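Peer 1: Mind looking over this structure? Questions follow.
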Amino acid sequence: MGRTLAEKVWDDHVVRRAEGEPDLLYIDLHLLHEVTSPQAFDGLRKSGRTVRRLDLTIATEDHNTPTLDIDKPIADPVSRAQLETLRKNCAEFGVRLHPLGDVEQGVVHVVGPQLGLTQPGMTVVCGDSHTSTHGAFGALAFGIGTSQVEHVLATQTLPMARPKTMAITVDGELPEGVTAKDLILAIIARIGTGGGQGYILEYRGSAIEKLSMEARMTICNMSIEAGARAGMIAPDETTFAYLKDRPHAPQGADWDAAVEYWRTLRTDDDAEFDAEVVIDAAELSPFVTWGTNPGQGAPLSSAVPDPASYEDASERLAAEKALEYMGLEPGQPLRSIKVDTVFVGSCTNGRIEDLRAAAEILKGRKVADGVRMLVVPGSARVGLQAVSEGLDVVFKEAGAEWRHAGCSMCLGMNPDQLAPGERSASTSNRNFEGRQGKGGRTHLVSPQVAAATAVLGHLASPADLSETAAPAGV
Amino acid sequence: MEAFTTHTGRAVPLRRSNVDTDQIIPAHWLKKVTRDGFEDGLFEAWRKDPEFVLNRPERQGATVLVAGPDFGTGSSREHAVWALQNYGFKAVISSRFADIFRGNSLKNGLLTVVLEQPVVDALWELTEKDPQAEITVDLEAREVRAEGVTASFELDENSRWRLLNGLDDISITLQNEADIAAYEAKRPSFKPRTLTV
């Protein structure tokens, strides 16, 4: 019987397989950041261990970094201490680090792909659940805890039980204005936040094959929000074209050998998945969340659901608690929800294509009075690219704040936070209670919906704009 | 890692589903660089409510958390496990845990026990009615016992062995160093490197 993409990559990384034990998997790339690594380095020091493969390890600073005044000392002493700890650890152990201010600094999941370090058929880990992003290249990529970070630093391997496989097949054409973000939010609403638990997801079908690498990363990024550790997409010509000539992409004969191998990774025609979900792309529309987990979402054209409509008692209770926290009423049209803040950025939607999409909508328009809009590039390089295209000017002229790269308001570990009761439309990945700041209320949206929402001041899609004010002089 | 064999203690019934890691330990606590001192951050937002179950005087000193389905969803932060342990929890019972949280818990000796929701319901009813009721989590027998409840649970033999003996994963893996070196010797040359060495 044939094998799936996930099974092929898994099999190619088994260092040791023994009855009654988890497989020992080799790790091709280990990404580090300041938040989940300090205790791991401490563990190495305590046991007198070193980093086994410095040449497969790279660190950057993202979660704590400010997005303003990055040339000044970091105001928060605790954040500063954590960043200094990473710098000391990287210097002591010899790990390559891209600190704040470095041109390669940025959100770890944006940095890996743009350097060409993330390639098909690799195993990639990081002490961050959104490591699933790298699966867009046909890599097996998953988030790990700090004990596992220490384990990989010391051994370059991880003992892992092999997950099951789930195919998420999306056929057909995404309608105009429907993005990868809408698609993944719809998938999570369909299978639930626990639906992918124990599985590696493989997104496939004609609608997936047409997506750019940036869009594929958006989809794989949120696999964890469906409970899956990893999400993958088979590598194809789009993948190879993205990688070619990146700083760490193979060169010359190595490139040819790599592409030849990468072409073998696609799921065999006769392979079987343990579960399968089929989605018709044509039925999708802009999608937003109304609740406090990423599965609590609905089409923008619909209304806040009535908790009483849920048959399952725990889902009903969860919906009641979510509406109470979010300050919403059952039956309220989603388009009527007014926001205070719009955030464009994060490892989900902080890449150049996302910024272009938001800028295209904002060009010649203004952010509504009383709305604060933050645009935070996913990496310093994305920021430079945006500036070279004049996108920063578009954002600033529209009244948005153009910031430096980092995780920023996705999780508010730096000063970019919502105040209690404030409501955001956010292109990030989690709408958990207090995620963007204590008492903050988050609606997850695509960059396009974020931009349209910024202009109108309430949840909206670009289609709503064309009916109101046509941009002047564009 | 501290070994886990069996534990008996009073419980905290937490009737919530989808308790994500941002609820267990909010992000601003993640700036600490130690594995301890997270107890005050545990469920920080909810603890502002004096009626929150963890704040009730009769729950002080409880060591077994009985939670709703999909406990520990979201981020990979191991701080969530440390916060529960720092607070004094030895075991968490739920009908479903998020994968990364579960893996993190077992690596730290916090036993996460999966039981069917009706059993969780029974434990909620018992411990809500009688806050002094004790729950025993017996890893050797793979069994949870409380008044009127005896339920067996599954845990793979390898994880159980590591927990019962408090074994260090890294030491176990390093016993297979020769296998790792042999694998490395045949890795393709086109695989990327972060450094030129």
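The backbone N, Cα and C atoms fix where each Cβ goes, glycine too.
What TrEMBL records for this protein is below:
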type    : residues                     : note
BINDING : A:CYS347, A:CYS407, A:CYS410 : [4Fe-4S] cluster binding site
REGION  : A:418-442                    : region 'Disordered'
Peer 1: Starting from the Cβ of A:CYS410 ([4Fe-4S] cluster binding site), draw a 10 Å sphere and report how many other Cβ atoms land inside it.
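Peer 2: Its Cβ shell of radius 10 Å holds 29 other Cβ atoms.
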Peer 1: Mind checking how the region 'Disordered' (A:418-442) divides into helix, strand and coil residues in DSSP?
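Peer 2: Breakdown, helix to coil: 0 helix, 6 strand, 19 coil.
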Peer 1: What three-state secondary structure does DSSP assign to A:CYS410 ([4Fe-4S] cluster binding site)?
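Peer 2: DSSP assigns A:CYS410 ([4Fe-4S] cluster binding site) to helix.
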Peer 1: Between A:CYS347, A:CYS407, which of the binding-site residues has its C-beta surrounded by the fewest other C-beta atoms within 10 Å?
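Peer 2: Checked A:CYS347, A:CYS407; of these binding-site residues, fewest Cβ neighbours within 10 Å: A:CYS347.
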